[in-house]
Amino acid sequence: MADDTPLLSDHQPPPTAAPGEKPLRTMDSMIELCIGEFGRAQFAQAALVSLSWFFDAQQTFISVFTDSEPLWHCTDPARCTPGAADLCGIPDGSWSWDENTAGRHTSVVSEWGLQCATPFIRGLPASSFFAGCLLGGLILATLADSSLGRRNLLFHTCFGMAITSLLTAFSTSIWAYAALRFMCGFGRAAIGTCALVLSTELVGRRWRGPVGMVGFILFSLGFLSLPAIAYANRGGSWRVLYLWTSVPTLFYCVLVYFLVYESPRWLFVKGRKEEAIQTLKSIAPPEKHSRLTSSFFSSAPFLGSDFDPSAADVDIFSAMKLLLARRWALLRLSAVMVVSFGTGMVYYGMPLGLANLSFNLYIGVASNALSEIPSALAALLFIAKLSRRLSLLAMTTVSAVFSALCILRGEPWGRLQMWFELVSFFGGCTALNMLLIYTLELFPTCVRNSAVSMVRQALVLGGAFSPFLVAAGRTSGGALSYGVFGAVIGCCGLFVVCLPETRGGTISDTMEEEELKMMGRSRMSGVATLA
């Protein structure tokens, strides 16, 4: 599969040195020459790092079950109307929750009596989680590129998410619950970014696509595990869900701390050559250890070797300064963030809105989670065979059309509503998977983690509006939820035409190297025009 599905293949040969100079190598070719494209140690590292997506998905979507309104039934038919849309209009004592009577509540709504609370209070925990994601992403965005590195930040964010999730199980009020959800969102903000960048930087160019998709598939499996856990806990306390998802995450943090290596690319860019060589030796087959010496990496220059590591250590926002200082980088970042905003509104909004559809919640969530797996495979196929821009534009358009169709009511549209929702969610998932890989290709190593972080921030910002739109959709027939979802992702998806095509190219390590590549493409375009 690796030969047929390149993410960043070597279809374009690396630039050559001037006559009489030593051969000019890329960082890609130097590392692949030392450890190969994809060995057993690389597979183990990439798989272990990507596993963080599994736990990240659980905390992202756990509120679909813990914050939902439980089923209820009438206990006094004379004063209660079965199936009433508003519980607040039914006298107290004439109805009861369909749940365990042993003092355990299946939802925060039933435990703290939120059925008549304002939309602000009902949506506060979910909104707090997304607000934490936004703030955490802004603060943690550049730490993986500047001071902490990919591996250390991955450990700290996973640990922070696990601890706050564990403490959430002991919340005493809606306010404490919302505060802990905020801290959980803050802690998990950088997990996906670190995992994606670190796992793809440990393998050769031809394997970045499949390795990136492994993380997306594990995220889907984490999402899929939630309805299974919730169903097994049906009738039990919502607090158990947080315990069952946080404790395994703590064990995973121990594995990350002792077994995961730092990215050799990042170590080289930061000027820590000896540490990078030791990391490569830990990953490389024994027969290649003799080649891994400082003299080997000094024997032939590589693109971007004149990068000054100290320039990246001015402060933790140095990577963002590099992005904002160059017009081409700012334009790229702005375009991918707009596309990500629209995609996030659909990606987070669709699962949250499942409770508004006349469909079983467990089956609905499981169907959405299952659709993420074929969407990851579809994204891998599109990345291998088609233009990035064309594929993204097609998937955002599909998601927009079918999201708008979800507002249709009556026969036969009511029976097709769940299918419309699934197709729209599938399109949004596929677009998101391709967009994250596309972002990796658009930015060099020195700012890649920060760029991906900002794209994910835009994704979360789109998701932050979803709880309010879902609440509004309960009284508007879906027009203020699914209709808005479709309009936003359709319009935002158009911005992909502003981005350059990266299929068949190589990734850069420094801003200067990327600018050299851009100059080379401009010359080739000029020659083709004259011809």
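Cβ from N, Cα, C; glycine included.
What you are looking at is a predicted structure, and each value in this text was computed from that prediction instead of being measured.
The feature region 'Disordered' is assigned by TrEMBL to 1-23.
TrEMBL lists 45-504 with the feature domain 'Major facilitator superfamily (MFS) profile'.
Counting same-chain residues at least six beyond the ends of the transmembrane segment (120-141), those with a Cβ under 8 angstroms from any Cβ of the stretch are 63, 67, 108-109, 114, 153, 157, 174, 177-179, 181-190, 193, 319-320, 348, 352, 449-450, 453-454, 456-457, 460-461, 463-464, 467-468, 471. The annotation transmembrane segment is assigned in TrEMBL to 120-141 (among others).
Residues annotated as transmembrane segment in TrEMBL: 153-172 (among others).
Counting residues 6+ beyond its ends, the transmembrane segment (178-198) has Cβ neighbours under 8 Å at 49-50, 52-53, 55-56, 59-60, 63, 124-126, 128-137, 139-141, 143-144, 150-151, 153-154, 157-161, 163-165, 167-168, 171, 212, 215, 219, 260, 263, 436, 440, 448-449, 452-453, 456-457, 460 in the same chain. According to TrEMBL, the feature transmembrane segment maps to 178-198 (among others).
Note on the transmembrane segment (210-229): residues 1-2, 5, 7, 38, 46-47, 49-51, 53-58, 60-62, 64-65, 192, 195-196, 199-200, 202-203, 241, 244-245, 362-363, 365-366, 368-370, 372-373, 375-377, 379-380, 433, 436-437, 440 of its chain, located 6 or more positions outside it, place their CB under 8 angstroms from a CB of the stretch. Taken from TrEMBL, the feature transmembrane segment applies to 210-229 (among others).
The transmembrane segment annotation in TrEMBL covers 241-260 (among others).
Residues annotated as transmembrane segment in TrEMBL: 329-349 (among others).
Annotated transmembrane segment per TrEMBL: 361-383 (among others), in sequence order.
Counting residues 6+ beyond its ends, the transmembrane segment (390-410) has Cβ neighbours under 8 Å at 339, 342-343, 346, 350, 379, 382-383, 416-417, 420-421, 423-428, 430-431, 434-435, 438, 477-479, 482-483, 485-487, 489-490, 492-494, 496-497 in the same chain. Marked as transmembrane segment by TrEMBL: 390-410 (among others).
According to TrEMBL, the transmembrane segment annotation covers 422-443 (among others).
The list of residues near the transmembrane segment (455-473) in space but at least 6 beyond its ends in sequence, with Cβ under 8 angstroms from a Cβ of it, reads 119, 122-123, 126-127, 130-131, 133-134, 137-138, 141, 189, 192-193, 333, 336-338, 340-349, 352-353, 356, 432, 435-436, 439, 479-482, 484-485, 488. Residues or ranges marked as transmembrane segment in TrEMBL: 455-473 (among others).
What TrEMBL records for 479-499 (among others) is transmembrane segment.
Within the chain, the transmembrane segment (479-499) has long-range Cβ neighbours (under 8 A, six or more residues past its boundaries) at 331-332, 335-336, 338-339, 341-343, 345-346, 349-350, 353, 356, 388-389, 392-393, 395-397, 399-404, 406-407, 421, 424, 428, 431, 438, 442, 462, 466, 469-470, 472-473. Sequence-distant neighbours of the transmembrane segment (153-172) (same chain, 6+ residues past either end, Cβ-Cβ under 8 Å): 49, 52, 55-56, 59, 136, 140, 143-144, 180-181, 183-184, 186-191, 194-195, 198, 239-240, 242-243, 245-247, 249-250, 252-253, 256-257, 260. In the predicted model, residues of the domain 'Major facilitator superfamily (MFS) profile' (45-504) average a pLDDT of 81.
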